[in-house]
Amino acid sequence: MFPRSILLALSLTAVALGQQVGTNMAENHPSLTWQRCTSSGCQNVNGKVTLDANWRWTHRINDFTNCYTGNEWDTSICPDGVTCAENCALDGADYAGTYGVTSSGTALTLKFVTESQQKNIGSRLYLMADDSNYEIFNLLNKEFTFDVDVSKLPCGLNGALYFSEMAADGGMSSTNTAGAKYGTGYCDSQCPRDIKFIDGEANSEGWEGSPNDVNAGTGNFGACCGEMDIWEANSISSAYTPHPCREPGLQRCEGNTCSVNDRYATECDPDGCDFNSFRMGDKSFYGPGMTVDTNQPITVVTQFITDNGSDNGNLQEIRRIYVQNGQVIQNSNVNIPGIDSGNSISAEFCDQAKEAFGDERSFQDRGGLSGMGSALDRGMVLVLSIWDDHAVNMLWLDSDYPLDASPSQPGISRGTCSRDSGKPEDVEANAGGVQVVYSNIKFGDINSTFNNNGGGGGNPSPTTTRPNSPAQTMWGQCGGQGWTGPTACQSPSTCHVINDFYSQCF
């Protein structure tokens, strides 16, 4: 994952805890209902979400003067990191008006660009247990299920849902006074340096504004921790990826230990062991009108299988299942020379994939699947986000990457997006209507969160990719280059040409 990752809060000093709380705007967390499930059924949990601290207004205590404007610090308020943390406060958020975040029942909608007094790009939110603590998920021998609508996410965008090994209180007990209520304590496996506050000090020393992002920059420090990417996706490509670290919890890095000169110098695995169906050789599995049809909402099931079938076992396998239109769809099978034809992430899969693609073995060197399992056992925070990529334009997800390699080389092609796509200036300028919707989050015992009707339990069974009737159903594919399925539509819908490759019934 290559996210814009920003952490505010954390201080180990006893004199003053870093990152204060502002009083200019009340903080009202949007509600989000989700479910805990067992073989007996599912029970509602009345949850809430909070906005990551980095998106929030950061101002001088007791007035309205910005501590940080654009991508620069005010050095009169922030002459050094310690003083800055003592002087600056986080404030409440206007979720819908400023950030384009709305919730309704079990659904959370994140708009990519929101125009208010200023232009906001993207967002990152965390599921809360209460108003002061994040919900902690222990995922071993469990499954996590959610619905997602990526139909309005084009090339270059990423609707990412993942877990991060953050502190439940956002560091409030030891490092700051704002805490999880205000979205503090973020970290991930990229050891991001675009974090404004870390270990109770502003990351202002050595800070340089980004040359292509008016809101971000990088400082001397970064925040590292384990990350389990359940879902990184747009309408063209998707991937799920474990990223282990050598040490538990949030670890601060500095200089080259934050990958300043060497991507693989950190304590965490930046690459992960990813399963992207397109990259793994099935180029007709995921996308508009494909087996998993991104024109429609998708139910995504991820299972964390242990070696002894108990919560105390060792992580052995990470499985992926989809449900769409009441049908269970098994994950695509690998079709790459040198990799066994499976459809899940295991230690063997990761070893073979790294060898077949010629990738660095940073995943194995940081503990591999066992290391990821340890983080899952300790507990992780759920992150829901939408973002674009100012580093490499999201090509690692949906196009050819790296660009200096031949697309014919195994592992280079990850999707059908153009090599010129995903530039932030383009996707941000053409962002009308771009959004992601997450809904129906469920967590519980294996096979308790879904069945052939999309919920409730039962063992998965495979489905075909084409309807049995001679006419296509409403919203189904009815034409396009290479299409061999039905070309007539069930009444009252008719077939409409969307592009050369895809026609749809509506």
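Including glycine, each Cβ sits where the backbone N, Cα and C put it.
According to Swiss-Prot, the signal peptide annotation covers 1-18, on the basis of sequence analysis.
As annotated by Swiss-Prot, active site, nucleophile applies to Glu227, with the evidence given as similarity to another entry. According to DSSP, Glu227 (active site, nucleophile) is assigned to a strand segment.
Among the features that Swiss-Prot reports, active site, proton donor is placed at Glu232, with the record citing similarity to another entry. Taking the Cβ of Glu232 (active site, proton donor) as centre and 10 Å as the limit, one finds 27 other Cβ atoms among all the protein chains shown.
Counting residues per DSSP class in helix, strand and coil order gives 3 helix, 1 strand, 18 coil for the region 'Disordered' (405-426). The region 'Disordered' annotation in Swiss-Prot covers 405-426 (among others).
The compositional bias 'Polar residues' annotation in Swiss-Prot covers 406-419. Residues of the same chain lying 6 or more positions beyond the ends of the compositional bias 'Polar residues' (406-419) and with a Cβ under 8 Å from any Cβ of it are 155-156, 236-237, 239, 276, 278-279, 283, 287, 336-338, 353, 356-359, 394-400.
Taken from Swiss-Prot, the feature region 'Disordered' applies to 449-472 (among others).
Mean pLDDT for the region 'Linker' (451-473) in the predicted structure: 45. Feature annotation from Swiss-Prot assigns region 'Linker' to 451-473.
Take the CB of Cys478 (disulfide bond) and look out to 10 A: across all protein chains shown you find 26 other CB atoms. Reduced to three states, the DSSP call for Cys478 (disulfide bond) is strand. As annotated by Swiss-Prot, disulfide bond applies to Cys478-Cys495 (among others).
If you look up Swiss-Prot, you'll see Cys489-Cys505 (among others) marked as disulfide bond, on the strength of similarity to another entry.
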Tell me the coarse DSSP state (helix, strand, coil) of Cys489 (disulfide bond).
strand
Count of other CB atoms lying within 10 Å of the CB belonging to Cys495 (disulfide bond)
18
Going by C-alpha positions, which of the recorded positions (Glu227, Glu232, Cys489) is nearest Cys478 (disulfide bond)?
Cys489
To the nearest whole angstrom, state the Cα distance for the pair Cys495 (disulfide bond) and Glu227 (active site, nucleophile).
43
Just name the most isolated of the recorded positions Glu227, Cys489, going by other Cβ atoms within 10 Å of its Cβ.
Cys489
